[in-house]
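Novice: Right, I'll just put the structure down here and ask away after.
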Amino acid sequence: MATHHTLWMGLVLLGLLGGLQAAPEAQVSVQPNFQPDKFLGRWFSAGLASNSSWLQEKKAALSMCKSVVAPATDGGLNLTSTFLRKNQCETRTMLLQPGESLGSYSYGSPHWGSTYSVSVVETDYDHYALLYSQGSKGPGEDFRMATLYSRTQTPRAELKEKFSAFCKAQGFTEDSIVFLPQTDKCMTEQ
């Protein structure tokens, strides 16, 4: 149980990276002319979709978390997320290493010993970002996750609709798409 919760937190930190759904591995595009400097700053995890069974098991207990994106020295991004866990605020940082193109990154999971690809699929920099992560936790355990980030804790309805449509296009089912409820815990500047 704690292991699955830890994985979720590590992945949601970038809105990122379990029970499989039958769907082909999706090829997703990356935001054209991605501008990392405009992507920096505070984001809130507003929505998740995953083919992992832990999402179904944990979705009732999940809530929005705050993430801050900062530049890393290697040209990548540091994604620091603060979330509520066991009635305490916990903070974790993920290093997203630069990939083959701007907006494409990789994340090495210390928990699973695996590397996941993370793509900024679409963003307007001011309101929302759609991210898509994929990789493998082990033989036969392909992992896929989509994350909706919002600059506010109350994303507009059309952003939620856009996220749902994107997720369905990637083969996620309706019950694997979750919009995270707002919380006032762990959201203040630290």
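Cβ atoms here come from the backbone N, Cα and C positions, even for glycine.
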Novice: Check Swiss-Prot and name the cysteine among C89, C167 that pairs with C186 in a disulfide.
Specialist: C89
Novice: In this structure, which of the recorded positions C65, C89, C186 has the fewest other Cβ atoms within 10 Å of its Cβ?
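Specialist: Across C65, C89, C186, these recorded positions, the one with fewest Cβ atoms within 10 Å is C89.
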Novice: Tell me the Cβ contacts of N78 (N-linked glycosylation site) under 8 Å, same chain only and six or more apart in sequence, or just say none.
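Specialist: Correct list: V69, A70, P71, A72, T93, M94, L95, L96.
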Novice: If H, G and I count as helix, E and B as strand, and all else as coil, what does DSSP give for N51 (N-linked glycosylation site)?
Specialist: coil
Novice: Fill in the CA-CA distance, N51 (N-linked glycosylation site) to C65 (active site, nucleophile), as an integer in Å.
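Specialist: So the alpha carbons of N51 (N-linked glycosylation site) and C65 (active site, nucleophile) sit roughly 20 Å from each other.
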Novice: Around N51 (N-linked glycosylation site), how many other C-beta atoms are within 10 angstroms of its C-beta?
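Specialist: Excluding its own Cβ, the number within 10 Å is 23.
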Novice: Quick one: Cα separation, C65 (active site, nucleophile) versus C186 (disulfide bond), in Å?
Specialist: 7
